[in-house]
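What TrEMBL records for 70-291 is domain 'G-protein coupled receptors family 1 profile'. Annotation comment: TrEMBL describes 57-77, 89-110, 122-148, 169-190, 238-258 as transmembrane segment.
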Amino acid sequence: MVLGRYLSYKFIRWESEKAIVWNQANQSAKVTFILLGFSEYPQLQLSSWRYPAPDQFLVFLTIYTVTLLGNLGMILIMKSSSRLHTPRYFFLSHLSFVDSCYSTVVTPMLLENLVVEDRTISFTGCLIQFFVCIFVVTETFLLAVMAYDRFVAICNPLLYAVVMSQKLCSLWLSALYSWSIACSLIYTYVLSTLSFCGTKFINNFVCEHAAIVAVSCSDPYINQEIILVSATFNEVSSLMIICTSYVFIFITVLRMLSTGGCHKVFSTCASHLTTITIFHGTILFLCCCCC
């Protein structure tokens, strides 16, 4: 008798919790977000336009066009030239691809925010847009793998063909994309568990995590902790690989007797170090601002 009551209580409680979750999901599905973007600067909006178009719009459009054409051009050159079929350019072509995808998702939203008055987006659309964080995670670890590639090429050149074989590079790349997709699925799922009510204003021109969480009606603590732990792991682990690789590269360069060899190493690594500084510097700056 007691067991029967206990099971009945558990069943009723489970049904109630399921109904609450289902109700929250239905409410969230009906939510409409409004991307504020540059609404604080009315001189950039459509209503204040005069021909020619505002300088800011042309600047963003030019940067996006140059970025897209540059990345696609690099991919075509590296695919068409057999001399560039090496691990270094293999990873560089994927870095160009990832950068093109991320730019194509973010920048058109920014440009649209400048030219349209209706900036509404559905909750589902916001989740799909947020899913593109896969490209951020992918780029984070691609830069780390490229640092390791430079480490092997400079510190262990005799083992380079074995360590950086085409098969191993493909396996690493597959693992990298798989981990990025897994992270994006986790991020998107925990974000979808939040409940929203009515029309919400997002102070951004894209659906960014912090801006979405800020307008949630439910407690975002668990959501924020999961994102924080995962993002910290990705950032710290990739930076450890990069820093360790370049410490060994620096030690190897100090042991070189030839100034020509030192110059060649620095010229080889300069572009990669510049990209790392800009990418991770931006991420760390945003993390400091959020804190």
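Just so you know, glycine gets a Cβ as well, placed from its N, Cα and C.
Automatic prediction, not curation, is the source of TrEMBL annotations.
Under 8 Å from some Cβ of the transmembrane segment (57-77) lie the Cβ atoms of residues 44, 84, 92-93, 96-97, 99-100, 103-104, 107-108, 110-111, 114-115, all in the same chain and six or more residues away from its ends.
Contact between the transmembrane segment (89-110) and the transmembrane segment (238-258) is not supported: fewer than 3 Cβ pairs lie under 8 Å, counting only residues 6 or more apart in sequence.
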